[in-house]
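Marked as site 'Transition state stabilizer' by TrEMBL: Arg19, Lys26. Among the features that TrEMBL reports, site 'Positions MEP for the nucleophilic attack' is placed at Arg170, Lys228.
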Amino acid sequence: MPTDSPIHVLIPAAGVGQRAGTPCPKQYQPVAGAPVLAHTLRVFAPLRAQGQLAQVWLVVAPQDGWLDGALPDVDAHARVLRCGGASRAASVANGLAAMRQAGVADHAWVLVHDAARCLLQPAQVTALIAAGRAAAARGDAWPGALLALPLPDTLKQADAQDRVAATVARVDKWLAQTPQMFRLAELQAALARAFDGDDYPGVTDEASAMEALGARPQLVVGSAQNLKLTYPDDFALAEALLQARALAAGG
Ligand SMILES: Nc1ccn([C@@H]2O[C@H](COP(=O)(O)OP(=O)(O)OP(=O)(O)O)[C@@H](O)[C@H]2O)c(=O)n1
Ligand SMILES: C[C@](O)(CO)[C@H](O)COP(=O)(O)O
């Protein structure tokens, strides 16, 4: 299979953001002057303009009533798929099926990226793409790669009462981030294999589904700034980081 297959981005954005406690689904919450999702889409714009990316696909919930108001120009940045599912994995699986129906090749690369990680930077995407292609070029079975962060803190294992049961060696532990890069048909097959008729138990990211097939995706050092906005405090941090970047860029 060609290592230089077209590269697509798939952004699952069909969650409700329950833990964030925002008045709207967190991907539509304004941060530093724009909805979280607008910042996320903006990361991929220069890569598309340079021809590194073929298309960005955005998965929202079928009943989403926020997108058109929050991002009236979304069609300029992404093809919108209103096929979100009950879980992140279901939204990704539905998005992949829609991409294939739309004619995207089986061997195309797909970079799955959380809408809620709006602090990703284009250089990290470029590094990930290089690692994914290198995995294919060296002949890895089910080649792929993901951004991740070596664990920066001491890791504790808890007992049922939240007391420390053990200190776990952290030298080989990483925190998975997104984007995660795999070939479309291989990721689709991995998710189909994980489906139990209702949901995708144990599939908390794309790599976990691929690992169950036997894949050994390449870990690529991301950044602590590539955080997933999950809890209320995360929004103030994102606001500060985005404003600092705008200032540094002279904006
Ligand atoms: N059914 C779902 C659930 C999540 N996501 C997306 O997957 C990403 C990561 O998920 P998470 O941070 O857990 O988002 P939510 O599910 O919205 O958050 P919560 O679990 O707090 O409700 C988000 O961009 C979210 O919109 C999705 O597309 N479809
Ligand atoms: C995919 C992910 O962002 C990798 O860290 C994470 O697993 C998503 O978890 P969530 O609980 O669905 O937010």
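Cβ coordinates come from backbone N, Cα and C, glycine included.
The structure, with features from TrEMBL marked on it.
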residue: Arg19; record: site 'Transition state stabilizer'; DSSP (3 states): helix
residue: Lys26; record: site 'Transition state stabilizer'; DSSP (3 states): helix
residue: Arg170; record: site 'Positions MEP for the nucleophilic attack'; DSSP (3 states): coil
residue: Lys228; record: site 'Positions MEP for the nucleophilic attack'; DSSP (3 states): coil
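Taking a C-beta cut-off of under 8 Å and a sequence gap of six or more, Lys26 (site 'Transition state stabilizer') has these contacts in its own chain: Gly15, Gly17, Ala20, Val36, Ala116, Leu229. With respect to their backbone Cα atoms, Arg19 (site 'Transition state stabilizer') and Arg170 (site 'Positions MEP for the nucleophilic attack') stand 27 Å from each other.
Within 10 Å of the C-beta atom of Arg170 (site 'Positions MEP for the nucleophilic attack') sit 13 other C-beta atoms, taking all shown protein chains into account. Under a cutoff of 8 A between CB atoms, and with a sequence separation of 6+ in the same chain, the neighbours of Lys228 (site 'Positions MEP for the nucleophilic attack') are Asp114, Ala116, Arg117, Gln177, Thr178, Asp234. In this structure, the recorded sites that sit close to ligand 2, with a C-beta under 6 angstroms from any of its atoms, are Lys228, chosen from Arg19, Lys26, Arg170, Lys228.
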